[in-house]
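Residues or ranges marked as domain 'ABC transporter' by Swiss-Prot: 11-250. Feature annotation from Swiss-Prot assigns ATP binding site to GLY48, ALA49, SER50, GLY51, SER52, GLY53, LYS54, SER55. Residues or ranges marked as transmembrane segment in Swiss-Prot (evidence: sequence analysis): 292-312, 545-565, 598-618, 626-646.
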Amino acid sequence: MENATQPVPLIELRDIRKRYGGNGTPEVEVLKGVSLSIHAGEFVAIVGASGSGKSTLMNILGCLDRPSSGSYHFAGHDVAELDSDEQAWLRREAFGFVFQGYHLIPSASAQENVEMPAIYAGIPASERHTRARALLERLGLAERTANRPHQLSGGQQQRVSIARALMNGGHIILADEPTGALDSHSGAEVMALLDELASQGHVVILITHDRDVAARAKRIIEVRDGEIVSDSANDERPAHPSAGVERHLQADDLSQRLAEGSSEPSGAWRAELLEAVRAAWRVMWINRFRTALTLLGIIIGVASVVVMLAVGEGSKRQVMAQMGAFGSNIIYLSGYSPNPRAPMGIVSSDDVAAIATLPQVKKVMPVNGGELVVRYGNIDYHAYVGGNNTDFPEILNWPVAEGSYFTERDEDAATTVAVIGYKVRKKLFGSANPIGRYILIENVPFQVIGVLAEKGSSSGDKDADNRIAIPYSAASIRLFGTRNPEYVIIAAADAQRVHQAERAIDQLMLRLHRGQRDYELTNNAAMIQAEAKTQNTLSLMLGSIAAISLLVGGIGVMNIMLMTVRERTREIGIRMATGARQGDILRQFLTEAAMLSVVGGLAGIALALCIGGVLLLGQVAVAFSLSAIVGAFSCALVTGLVFGFMPARKAAQLDPVAALASQ
């Protein structure tokens with residue numbers, strides 16, 4: 001009957017064994033059939049020499065390690081049946097660890113170290129800060145909240161460790177050699193704190209090799225060679241826990257909370273994400289030289305993609321604008337056969353006259369031209385000289401900026417007059433007025449009567465402004481010796497029906513040339529489409545080349561993250577000991593990879609804009625597009641996350657006790 005009223009133990013071990021080795025290595029059994037029960041309100045000391053198995057027993061009690069065999073029940077739950085998140089809940093909500101080596105995160109302040117369990121518990125920031133400051137003040141560290149571990153003495157670090165253990169309540173304090181690394185005065189202070197916690201109703205499990213320290217406990221369990229050799233439990237166990245213990249530490253209460261609260265607390269992910277961002281920034285800043293080298297790959301990759309695409313888009317827009325400036329209703333006819341094996345045809349003046357009669361045609365302009373030497377004074381200059389009719393300004397949408405264009409009378413009389421392009425004017429006359437001056441074209445004098453408006457390059461192979469327009473008749477008689485045009489420019493009557501006009505011209509030419517297709521027809525719209533396709537292909541190629549450097553940057557992220565995981569293995573163990581789930585660790589390191597990518601991406605965009613500005617000063621066509629910038633940044637972020645996932649997953653899968661033991 002007495003047993004029926006006995007409270008259910010918080011912790012109950014039955015025949016716990018722990019073995020290491022196997023798989024080709026010698027097997028060592030560290031714990032050999034350990035059985036014990038611990039109730040609410042107990043202050044227990046587990047004492048034993050070094051290597052006796054007491055620390056291994058503590059790791060199993062705190063769910064940092066799993067036994068090889070036997071059963072461990074916590075608050076009536078079989079711990080072996082709990083998944084990793086449920087065991088993390090126990091470490092976060094039920095246990096508080098005080099380690100011999102303090103196990104504080106070096107890059108975090110005292111307050112940030114204390115707050116860590118509360119972050120994983122999803123406690124709001126304001127409440128978290130208040131509670132952490134209150135605990136540190138209670139432990140005499142009110143003036144040390146912003147100090148990092150290396151700025152604290154050993155005793156102060158251990159008090160920070162105790163404050164951290166109490167952050168989420170610290171119902172069960174697991175203290176592993178808490179005085180082992182301290183001087184006698186600091187050790188006495190720590191033991192006084194543990195006595196105080198025990199008197200307040202916390203379960204305190206003290207792991208020590210010092211029998212004088214163990215004597216402070218109400219119950220002493222001696223472990224030797226992995227076995228319990230003595231246990232004072234029968235006489236020393238308190239019969240009635242305090243009111244605080246009744247409220248917080250009864251097994252059935254913790255059992256219910258475990259069943260309800262092992263999932264991620266509401267809102268915890270926000271706190272954890274903010275903490276992950278802050279931690280990532282701290283690590284990046286502390287290792288800023290290494291971070292800068294890693295970021296360099298991402299920066300170069302993003303900048304390359306953005307600049308390459310901007311140059312490609314700028315070139316495309318420039319070419320499209322310049323080609324479109326000549327009109328989208330333009331059709332070109334030449335004597336070049338589309339069949340390279342066929343003989344070259346001749347487009348005659350009769351063909352031109354016949355085309356002009358078609359209803360689908362608005363204007364027809366034969367062109368007889370070529371690259372010739374032009375002289376003014378002692379300046380010789382090569383320019384394209386084209387014999388055209390008076391429809392030139394209208395067909396090509398190319399007005400005269402200075403002077404006038406030649407007339408039908410000039411055409412009929414084969415008058416030697418010339419309208420020069422903007423570039424020719426600059427080269428031959430500089431700032432002087434060219435109107436009325438004479439130039440020599442192939443030693444034939446022509447009087448300049450006008451200057452064409454600046455037009456720009458047509459397609460990159462000829463400079464449209466580097467040309468001279470003269471009457472077609474004068475060009476045929478004085479310069480080229482033939483009335484047959486080099487090619488014909490035709491303006492369709494309707495810009496929306498250019499293809500119909502092209503078909504009508506094709507049918508007419510086939511009839512005039514007796515079914516022989518010894519000519520070639522192209523229209524400006526088709527040329528623009530073809531050029532656009534070419535430019536798109538070029539942009540894609542440039543972007544692909546640049547993307548390779550972005551890929552290299554991603555590999556750099558993976559490399560640095562793998563190195564970070566190796567260097568911060570103990571920190572990962574500390575986070576797990578304070579209640580971090582595997583998902584929390586994964587989120588932490590993925591956030592760091594994302595931070596690297598975000599900072600590198602933003603810096604890459606800034607560098608790209610600077611390079612673009614320099615290129616614009618150098619008269620290079622550059623057109624930044626929001627889609628290219630967002631795309632490059634997104635690719636950098638995705639690349640960082642993809643390459644950061646493997647290191648993050650490796651970190652999340654670390655064994656807590658092995659991580660804590662790493663150097």
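Each residue, glycine too, has its Cβ placed from N, Cα and C.
Shown in sequence order, HIS209, VAL223 are the same-chain residues outside GLY48, ALA49, SER50, GLY51, SER52, GLY53, LYS54, SER55 whose Cβ sits within 8 Å of the Cβ centre of the ATP site. With a cut-off of 8 Å between CB atoms and residues at least 6 apart in sequence, the same chain places LYS18, VAL30, LEU31, VAL34, VAL223, ASP225, GLY226 near GLY53 (ATP binding site), listed in sequence order. Taking every protein chain shown into account, GLY48, GLY51 are the binding-site residues, and of these the Cβ with the most other Cβ atoms within 10 Å belongs to GLY48. Non-local neighbours of the transmembrane segment (598-618) in the same chain are 284, 294-295, 297-303, 306-307, 310-311, 553, 624, 629, 632-633, 636-637, 640; each lies 6+ residues outside the stretch with a CB under 8 Å from one of its CB atoms. The highest number of surrounding Cβ atoms within 10 Å, among the binding-site residues ALA49, LYS54, is found at LYS54. Among the listed binding-site residues, namely SER50, SER52, the Cβ with the most fellow Cβ atoms inside 10 Å is that of SER52. Long-range Cβ neighbours of SER55 (ATP binding site) (same chain, at least 6 residues apart, Cβ-Cβ under 8 Å): ASP176, ILE207.
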